[in-house]
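Now, the feature entries from TrEMBL:
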type     : residues : note
DOMAIN   : 16-99    : domain 'PTS EIIB type-1'
ACT_SITE : Cys38    : active site, phosphocysteine intermediate
DOMAIN   : 154-512  : domain 'PTS EIIC type-1'
TRANSMEM : 155-180  : transmembrane segment
TRANSMEM : 192-212  : transmembrane segment
TRANSMEM : 224-241  : transmembrane segment
TRANSMEM : 261-279  : transmembrane segment
TRANSMEM : 291-312  : transmembrane segment
TRANSMEM : 332-354  : transmembrane segment
TRANSMEM : 406-424  : transmembrane segment
TRANSMEM : 430-450  : transmembrane segment
TRANSMEM : 480-500  : transmembrane segment
Amino acid sequence: MQQDDRSVTKGRSSARALATQLIEWSGGTDNIIESTHCTTRLRLRLQNSDLVEQERLDGMQEIQGVHVRAGQLQIILGPALVSKVNRQVNVMLQSAASSIPKEDDPIGPITPRLHEENHMDSYPLLFVSTTSRPSNDKGLHSRALLHRLMDAFQFFSDIVVPIIPLFVVSGLLLGLLGLARAFGWDDPGQTWFRILSLLTGSAFQLMAVLFGYNTAKRFGGTPALGAAVGIVMTHPGILPFTDISGNPAFAQALPISPQFGYQGAIIPTVLAAFMLTIIEKGLRRWIPSSGAVLLVPFLSFSLAGSLAVLVIEPLALGLGRSLGSILEHVFNYGSLLFGLLLGGIYSSIVITGLHHGIQAIEVGLISNPDIGFNFLLPIWSMANIGQAGAGLAVYARTRDEALRKIALPASITALFGITEPVTYGVNLKLGRPFLGAAAGGAAGGAYVAFHQVVANSLGLTGLPMIAFIVQPGLMNLVHYLIGFVLALATAFTVTLLLGVDRVGRSEAHKLNEQA
């Protein structure tokens with residue numbers, strides 16, 4: 001027992017030492033706005049990305065990769081270390097923030113003053129950059145359209161990353177529900193099935209609430225009010241923009257009888273919470289502090305909630321369904337090229353860290369009553385399997401024992417959907433295997449898209465996805481398995497043909513930047 005305690009203490013001290021070093025080489029606590037993490041990456045939102053000592057960070061043994069995107073420093077630490085280091089970084093940030101003198105602010109956001117000052121004037125979708133102080137960025141107005149799109153996806157990633165555990169839970173629950181229906185176990189009279197349905201529905205409703213919370217927090221509003229807007233969005237008494245017959249139902253925006261509404265509609269929630277922060281900040285400037293405690297929250301929520309129900313929800317839901325229909329049309333009539341392209345470039349999207357922003361689109365596809373399934377996830381899965389195939393080729397061909405020790409376990413991990421270790425630790429570092437992985441993802445993606453393989457879950461790729469792809473039909477599973485083998489074999493073969501010799505550091509860095 002004492003040995004276990006010593007092991008825990010040692011691990012905590014190691015994480016604290018690493019966090020201290022990361023903060024120092026990221027510009028110090030004053031330069032860090034916020035620290036979050038996903039499965040493998042520590043994500044630091046920065047005041048000034050020029051203060052990052054990237055070469056020193058790249059040289060650390062514990063770090064698998066470092067990237068700076070749109071004012072955010074992404075440090076790949078791996079699943080075993082990232083949560084521990086993030087916890088220590090947040091402890092140090094909170095300690096530093098508590099030592100800063102605070103002005104009286106009776107209605108300030110829940111977040112520390114350090115965070116508030118840097119959120120107040122940050123509107124990435126309007127000012128292009130997602131950094132905390134857009135006015136300090138050089139060449140802000142001359143950035144390319146591609147960079148603007150990357151910033152927009154970065155904004156969604158900032159909101160999605162803290163909700164990733166809920167995505168995993170929702171995906172598992174939704175997959176289990178589909179599995180039960182596929183085997184005819186969906187008896188509403190059974191208690192276990194009713195509980196499973198309740199948990200699945202609750203997870204999707206809670207998703208909108210957390211999106212509202214994180215959006216308000218991201219823009220410097222009051223997070224609790226953002227969550228309240230999310231609750232408005234998931235209220236069972238809200239009708240959709242059209243009724244069952246397809247006729248406009250705008251005049252019935254406040255019905256009494258509960259029907260299918262905006263549950264799972266993420267984009268309207270984000271827009272409504274964003275509108276809330278604009279209203280809240282405007283009211284703060286005009287209402288005297290003596291009445292601000294009562295009037296600002298009341299007026300902000302009342303105005304934003306009303307606009308959400310009467311304007312934002314119907315318009316955004318209509319646009320969301322149109323986007324879903326366009327994607328479905330492309331999937332149905334151009335599936336081969338669709339899967340080839342997305343399967344080939346998905347790993348490059350993962351490198352930028354913007355892939356989490358796409359999950360909002362996946363939620364919209366599943367919650368859309370006209371679609372009801374996720375046809376993007378099988379393509380993403382093929383890209384991940386391609387990374388595993390390339391890593392296995394490196395293991396089979398290289399004579400570098402140190403590299404072999406990394407390549408095999410990292411490739412096996414990729415088969416279960418976690419690709420960062422093999423991507424950054426092996427394929428991208430060598431260069432050519434990354435191209436082989438892209439070829440495998442393109443081949444597998446083209447196959448599953450051509451045969452219209454779909455999923456009824458979120459977030460699960462690789463081998464775990466097999467259990468949750470049965471519900472649409474047996475052939476859906478068969479084609480997924482064929483695509484799985486095709487992606488793995490293509491990536492393995494192409495990587496062997498290209499070779500696995502280590503490229504120079506400058507060339508690898510260039511490949512990374514181009515991706």
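Residue numbering: from 1, along the chain as shown.
Here the Cβ of each residue, glycine as well, is placed from N, Cα and C on the backbone.
Whatever TrEMBL says is automated annotation, not expert-curated.
Taken through DSSP, the domain 'PTS EIIB type-1' (16-99) splits into 38 helix, 22 strand, 24 coil. Counting Cβ atoms from all protein chains shown, Cys38 (active site, phosphocysteine intermediate) has 22 others lying within 10 Å of its own Cβ. The average per-residue pLDDT of the prediction over the domain 'PTS EIIB type-1' (16-99) is 84, rounded to a whole number.
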